[in-house]
Amino acid sequence: MDGDSSTTDASQLGIAGDYIGGSHYVIQPHDDTEDSMNDHEDTNGSKESFREQDIYLPIANVARIMKNAIPQTGKIAKDAKECVQECVSEFISFITSEASERCHQEKRKTINGEDILFAMSTLGFDSYVEPLKLYLQKFREAMKGEKGIGGTVTTGDGLSEELTEEAFTNQLPAGLITTDGQQQNVMVYTTSYQQISGVQQIQFS
């Protein structure tokens, strides 16, 4: 799905402002079946310019997660934090892009959990699929009909959340149950699911 090919603005058509202001109209082709990949476009049809840091996860959050994997006395250089920050953002874009392709093929606008699992399997991250599938099932069972923090949580194929920033600051307990039944002490950060009873963290290999 090429975002640039889905819009046509006046400058591309070579039409002056006076012409548009008259009784004539410029028709912009838009496929309603496409997802909202171009939501960041402004009213003129041109893409907004973003600072490089705007597309990354907050580096403080990335650093906090990294620090959990090293001894308390350990330190992490700034360039290492920035490197992981960029890698994580690229990974998210990589997975989401593949999931978005599936949505486009099936003429849907909303990426759901199954799309993410399908994308991870397609891109070779098979070892993550089964644990995530179990977690997604537990999550949906626990959140069914409940109110999420800061807004409504709906379940099913159109699973969506409106969560406040506070929801991303909590973490699950350290005891994890792996797919082979072994318990390990590994910290995994996620959204605020402390309130969900019966949800267990899963160790990824």
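Our numbering is plain: 1 for the first residue shown, then up by one each step along the chain.
Backbone N, Cα and C define each Cβ position, glycine as well.
Some features that Swiss-Prot has for this protein:
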- 1-50: region 'A domain' (REGION)
- 24-50: region 'Disordered' (REGION)
- 37-50: compositional bias 'Basic and acidic residues' (COMPBIAS)
- 51-140: region 'B domain' (REGION)
- 57-63: DNA-binding region (DNA_BIND)
- 84-95: region 'Subunit association domain (SAD)' (REGION)
- 141-201: region 'C domain' (REGION)
Review point. On the 0 to 100 scale, where does the mean pLDDT of the region 'Subunit association domain (SAD)' (84-95) fall?
Key: 92
Review point. Could you give the number of helix, strand and coil residues in the region 'B domain' (51-140) as assigned by DSSP?
Key: 66 helix, 0 strand, 24 coil
